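Chemist: Take this structure first; my questions come after.
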Amino acid sequence: IMGHMVNSLAQIDEFVGLGSNSIETDVSFDKQANPEYTYHGIPCDCGRSCGHSTKFNDFLKGLRKATTPGDSKYHEKLILVVFDLKTGSLYDNQAYDAGTKLAKNLLQHYWNNGNNGGRAYIILSIPKLNHYKLITGFKETLKNEGHGDLLEKVGHGFSGNDDISEVQKTYNKAGVTGHVWQSDGITNCLLRGLSRVKAAVANRDSGSGIINKVYYWTVDKRSTTRDSLDAKVDGIMTNYPDITVEILNEDAYKKKFRIATYEDNPWETFKE
């Protein structure tokens, strides 16, 4: 259950309190490709305030506390964070630098330079396929800093609703062979069918595709929640985690689905 648009530290507590075991956070960049704020801006989902904003490194420090066992702010249930990287403001040739700078920020402020940092799994979600060098920059930086082991905690997604075969080709270019979460969706203000979600699920289940997990966004209605579960998604991104919890407790779903814990491997495709 992925809490949507969690861009302030107070919202971490709020969304986990409502039932989220995962959050999605928007990351804006400055002109030099430095991650700057956790901020979505206008327009955003209907019924939500678009203006929550935190300095990126301050958010990382708070997130670290929320995902470090023993800390007073620790939430055992919070195990996955999707960074929705707003790289649309950057030139294509800045993608590598953005990845480098993102890695350095996470290493210092979230992973505490490898010394008992936050334990959550991280997904780097990129809107444009031609920004795939962000992945390269991120990976090479962690390796160069002597912390390549942390890549075990990092997964990937492209959020642009591109053709699945194009996504697959882009991962090949980026040297990505696993840890792939494929999203599909649209703002809650509009309706979208499930055909692309079903194509992503088929790729996931084919055994020959690159996708490990599929999630759908932004799912706020009970009917859409049921439709998503019927399509066999792995994750639901929502503004109302308590509604997702309610549906998961219905007889039709409570035997088939459960909320993931830290012991579950987010990079392993679930086999029925």
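Yeah, the Cβs are placed from backbone N, Cα and C, and that goes for glycine too.
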Chemist: Record says E24, D26 bind Mg(2+). Source is Swiss-Prot. Which of D71, D84, D92, D97 does it list for that same site?
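Modeler: For Mg(2+), Swiss-Prot names E24, D26; of D71, D84, D92, D97, the listed one is D84.
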Chemist: Quick one: Swiss-Prot says C44 makes a disulfide with which of C46, C50?
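Modeler: It is C50, per the disulfide annotation in Swiss-Prot.
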Chemist: Suppose the Mg(2+) site is E24, D26, D84. Which further residues of the same chain have a Cβ inside 8 angstroms of that site's Cβ centroid?
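Modeler: After dropping the recorded site residues, what remains is H4, M5, V6, N7, T25, V27, H40, V82, F83, K86, S125.
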Chemist: Given the binding-site residues E24, D26, D84, and counting only Cβ atoms in the protein chains shown, which has the most within 10 Å of its Cβ?
Modeler: E24
Chemist: Would you mind checking how many other C-beta atoms are within 10 angstroms of the C-beta on C46 (disulfide bond)?
Modeler: 12
Chemist: Could you work out which of the disulfide-bonded residues (C44, C50, C189) has its C-beta surrounded by the smallest number of other C-beta atoms within 10 A?
Modeler: C189
Chemist: Please classify the secondary structure at C44 (disulfide bond) using three-state DSSP.
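Modeler: Assignment for C44 (disulfide bond) reads coil.
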